[in-house]
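Encoded as structure tokens, the structure appears first; notes follow it.
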């Protein structure tokens, strides 16, 4: 059985990694026509003439390539951050970067003609996701019980699909010239909630051992998790025992009543 603390931690990690990755990967699919119009309009305002189709294709391709490129950079940075500042602070730092990343993408239209904000926001957003994708897997594996590690780490894929589905769902009503920036708001709100959850989670025991060499603190953290797990197990055992006893007593009472009823029927 997995403790509630580990479940909450896994939820926050999946929201910060898998969910955001699924959302970022598909966020440009629905409103791409209106974003291209915005880029062309910004180009006309800045240069006095429409952007050529080839240049627009290059810009659009670059906007899409930014995601995997920045994600790879973030994944390389994750190893350094995890070992230097810990899993918890790495998660809070990377998730905090989602806020300016999504906010810049949202504000791009309202800062016309500065369509470059879309690129900057996407770079920051993707970089943060690269960091979180590595940190989430490491943290889950280090904290989850051995027999549940693979299952809990795989939940990220479920959240990735959830983020993609949500992005497509909200992208349909927001695919207009005026509303397309709103598609960047849901991940912004999710990031704020995720940061709040991380503030109440415990650091990875492995990092405490590696950085502080504090075995006592590590044992305290593990002991607290084991205590919660033991209490939950005992509670389940007691509840199951009481449930079985109630069923047994109910069955015995029904049998006794039926026997008495049959006896009375025979006497009559």
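Quick reminder: no glycine exception, Cβ is built from N, Cα and C everywhere.
Per TrEMBL, these features apply:
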| type | residues | note |
| --- | --- | --- |
| SIGNAL | 1-18 | signal peptide |
| DOMAIN | 10-268 | domain 'Major facilitator superfamily (MFS) profile' |
| TRANSMEM | 58-83 | transmembrane segment |
| TRANSMEM | 90-107 | transmembrane segment |
| TRANSMEM | 119-141 | transmembrane segment |
| TRANSMEM | 153-171 | transmembrane segment |
| TRANSMEM | 183-202 | transmembrane segment |
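For the transmembrane segment (58-83), the list of distant contacts is 21, 24-25, 28, 32, 36, 39, 51, 90, 93-94, 118-119, 122-135, 138, 207, 210-211: same-chain residues at least six beyond its ends, Cβ to Cβ under 8 Å.
Outside the transmembrane segment (119-141), and at least 6 residues removed from its termini, the chain residues within Cβ reach (under 8 Å) are 9-10, 13-14, 16-18, 20-21, 24, 62-63, 66-79, 81-82, 87, 90-91, 93-98, 100-106, 108, 149, 152-153, 156, 184, 187, 204.
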